[in-house]
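Q: Sending over a structure as structure tokens; questions will come in a sec.
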Amino acid sequence: MNQMQEKKFSERLPIDFKKIAEVILNEPIPGHMKNWFYALGATPLVLFIFQVVTGILLTFYYVPSPDLAYQSVKYITEEVRLGFWIRGLHRWGSNLMVIAIFLHMVRVFFTRAYRKPRELNWILGILMLITTLGLCFTGYSLIYNQLSYWATTVGTNMIKEIPIFGSLFLRFLRGGETVGVNTLTRFFDLHIGLLPTTLFVLIILHIVLVRVHGVSRLEGYEDDEIYRFYPEHMYHVAVIALFLLTVMSALTVVLPPGVGEPADPSTTPLHIKPEWYFYWIYFLLKYLPIKLGIALILVALIVATFWPFIEDILKKKFPKVKWHYIVGSVAIVLLLIFTVYETIIY
Amino acid sequence: MLQNEIRTQKLVIGIFSILLTVVLIIIAGVEAKRTTETKPVIEVSGINKRCVSCHTERGIAVKAIDQWKESQHAIKNIGCIDCHKAEQGDFDAFYCPDSDILVGKHPTPKDCAECHKQQVEEFAQSKHAHQFWVIKNDDRSIFEPTIATRNGCEQCHNISIVWPDQSVGECDACHPKHTFSRAVARQPETCGECHIGPDHPHIEIYLESKHGNIFRAKEKQMDLSYSSKDLKKIPIEVPTCTTCHMDGNETQPSTHNVSARLAWESQAAWSYRTVWLQDKLGDWKVKRGRMESICKSCHSPDFVEVYFLTADLVNLQYNEIRRSFVYWVKKLQKNGLIKELEANGKKYSDIVLNGWDEEPEYLMYHAWHHEGRRFRHGAIMMGADYTQWHGIWELQNDLVELIRWAAERGDPEAKKWVNSTHPSKFMPYAIYDIPGNAWGINALSNKVQFLYVNYKDYWDRVYQNVKYAYEKGLLSEEQWQLWLKRYNNKEHYLGTKYNVDSVYAYYQQLNAIDTKAMNEQVVNMQLPGKPFYEPGFGFMVEDNKAKSKDMVRRKEELNNNRQGTTTGGSVK
């Protein structure tokens, strides 16, 4: 663009793109971020973009009706050119996204990056985790095979246990007594409409907040080195994206997602399980009295959401105790134990 | 201090990140693998676990366990003892020799009914459950040794076994243990285990029908394991036996009562409309209605109704042919030309049913039990060849045989029949007919029939017979109206009002060329080399006699020598 054209253009669209680009690209990044484990925040974002792209491609063929859902998934997997790959990327992408969020949380938690003044961004993060799990849950239900149908059934059954609004919310989600045609269309709506939009908005807010606050420094430690977002960190992210694409493709080839048996609402299979990221909830509900299980899950959720404030209170009372190490380690170990246990006793 | 803190942080984050990544990816992988498994995981627990492990260890009925693992029972955790359970004093209770478990040797319909109550009840109300063969088989028991019955009659008719616990039937006759598969039960050959052979070749009829033909062509693409409950659409392209006789569709519930849709007792010596459990199942019209509802899933109502009306008239026609057989056999018996078997004042070759020691009885038995059934069942189930060549042709043949047998023994009426040269002699009984058929209008085929051409009142006589059958309740009002519709417009349905002479002439020309070729190639030909037989053959001239004697002698010598060599020359 020469100057004349630039002028014409900016007259018509009076936005200073250069400045915006400068702000975005010149963000100073602290030197410790060169360690890969400290740079995992971008991973879920990269995966989200992958999910959007592969998700749009899947909707070209997917039909959200009980008669055709399973058939169309089968068609995508077995007939459509590279359909299995796109579906594999989408499925593995969703799994890796959950894992990536966990990893990002581990970094944030143990570096106490949520501490003042970034509490709000932690809460946004928790909301994004919940939204992502919602996307995983609704997405899995769309396959409409025996495993996913019954996983949806038990998954939504859990909702019923929420005090007061449980039954109402359950009916609202299912659109009837059991999982059926209404559930499928509702979940499809949620999966491709409401939830991705919510997540997108949350991601924007999250990044804006990160930028407004600046990337957090390690507690009490000033990095010697500061570097620019572009090009160093941007390339960092690009490498992560390519790495993920390779990993997901490899996983798709080695462990492709199957189609299983078509959903049969009249035949309850011997094993009914939700997806693995809900195993910890499933474990608690299965082995504890239902009310206690629900209470624990709700407490865990509240503690996780408001942890930055809760930790402040705890710190005032017991200033020497490193709460984040204790709580973080216990939470991770329990999560792993419950999840592994449920996987093994399948 | 700060450096330490940072190091700890890095260490903790590193360890947990790697741990989470590795463990969760493995878990996600395990879960992904499970999505590709189509076989359900079978869980064996409790007593069943003992049965399975012990049987597997000792190699006893291991295949049965494998079959069970394929079954819906296994998926739903219904194991060995759920069906093989027993209480002290049960007729089939025994202690498993290697454990203290009391086992029922024969799970009966009573056991099946614990879960499949409706199916067992429906079965018990069907003719599958009716042991009429026992009630009526005293005659057969004199003709066949009972030992043959064990592997013969009893094997098929065991489907109506009456157990000591008073339950009736043999569920695994169709749902083979231990898979109890629906797909196997729907396979035509399952019905064909019994519904086969000269007396009721139902599997053969099915396979020669369009239904069977398409089934064979496409069976690999058909999954017969579907559930037909809940008024669902028939999910397969063509029917197998069960589709029409048992499975449901949008309008008909599925049933294990195979008699619920049958309008004829067409296996009986006479065709009569079913009255089987009429108060529960409705009369024959209700039963026919059920069958038609199934047919109409695929066929147009008009086709179905015309098809059945035609087949019904075949059943009625059979009765008239049967009447001729009965007339002759009774007459011959009355005149002392044939005798019934008798012992202790009891007759053993029922005139209507059986009798095997004299030709006319044998012919009459076959006319009912073999070709008479084939004639009727072929008509009902689209087995043209069985209605024709294995049916009416053999019926007619046997009727001719019977009358000739009577004529040879001096019966004047029979002699007259034999001496008659009038073509109508082959129809010594009343006739049913319908103008045209269900498949279309054939403008050529109804123009030459002898009776059509030579009897101007042919259709009047038929009209009277059909009307009479309708008035006797053997045809429904709708059927009578349908018949009348065709009768009143018979030139159309018979195709006689359409001029297709040019087409006829064309094919006649082709036919003339064929006939000419046959005559030229074969008929008008005589080979120059003389045959060896000549009239008077058998009288030998002297010279030949001598030659012949010499040949016999040499042959004997040769034989003796051979024996000598094999036995070491000890024979003189």
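Glycine is no exception: its Cβ is also placed from the backbone N, Cα and C atoms.
Heads up, TrEMBL stuff is auto-annotated, nobody curated it.
The following feature annotations were taken from TrEMBL:
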{"type": "DOMAIN", "residues": "A:5-219", "note": "domain 'Cytochrome b/b6 N-terminal region profile'"}
{"type": "DOMAIN", "residues": "A:214-346", "note": "domain 'Cytochrome b/b6 C-terminal region profile'"}
{"type": "TRANSMEM", "residues": "A:36-63", "note": "transmembrane segment"}
{"type": "TRANSMEM", "residues": "A:92-110", "note": "transmembrane segment"}
{"type": "TRANSMEM", "residues": "A:122-143", "note": "transmembrane segment"}
{"type": "TRANSMEM", "residues": "A:190-212", "note": "transmembrane segment"}
{"type": "TRANSMEM", "residues": "A:233-257", "note": "transmembrane segment"}
{"type": "TRANSMEM", "residues": "A:277-310", "note": "transmembrane segment"}
{"type": "TRANSMEM", "residues": "A:322-341", "note": "transmembrane segment"}
Q: Other than its close neighbours in sequence, what residues sit by the transmembrane segment (A:122-143), given a CB gap under 8 Å and a spacing of at least six beyond its ends?
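A: For the transmembrane segment (A:122-143), the far contacts come to 44, 51, 62, 64, 69-70, 73, 90, 94-95, 97-98, 101, 104-105, 108, 114, 149, 151-152, 155, 179, 183-184, 187-188, 190-191, 195-196, 198-199, 202-203, 205-206, 209, 259-260, 274-275, 277-278, 304-308.
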Q: Can you tell me how the residues of the domain 'Cytochrome b/b6 C-terminal region profile' (A:214-346) break down into helix, strand and coil by DSSP?
A: 87 helix, 4 strand, 42 coil
Q: Where among A:36-63, A:190-212, A:277-310, A:322-341 do we find the most Cβ pairs under 8 Å to the transmembrane segment (A:233-257)?
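A: Looking only at A:36-63, A:190-212, A:277-310, A:322-341, the most contacts with the transmembrane segment (A:233-257) come from A:36-63.
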Q: Below 8 angstroms Cβ to Cβ, which residues of this chain, lying six or more residues outside the transmembrane segment (A:322-341), approach it?
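A: Sequence-distant neighbours of the transmembrane segment (A:322-341): 106, 109-110, 112, 276-277, 279-280, 283-284, 307, 311, 314-315.
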Q: Counting only residues 6+ away from its ends, which parts of the chain sit with a Cβ under 8 Å from the transmembrane segment (A:92-110)?
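A: Counting only partners 6 or more residues beyond its ends, the transmembrane segment (A:92-110) has Cβ contacts under 8 Å with 37-38, 40-41, 43-44, 47-48, 50-51, 54, 122, 125, 128-129, 132-133, 135-136, 139, 244, 247-248, 251-252, 257, 277, 324-325, 328, 332.
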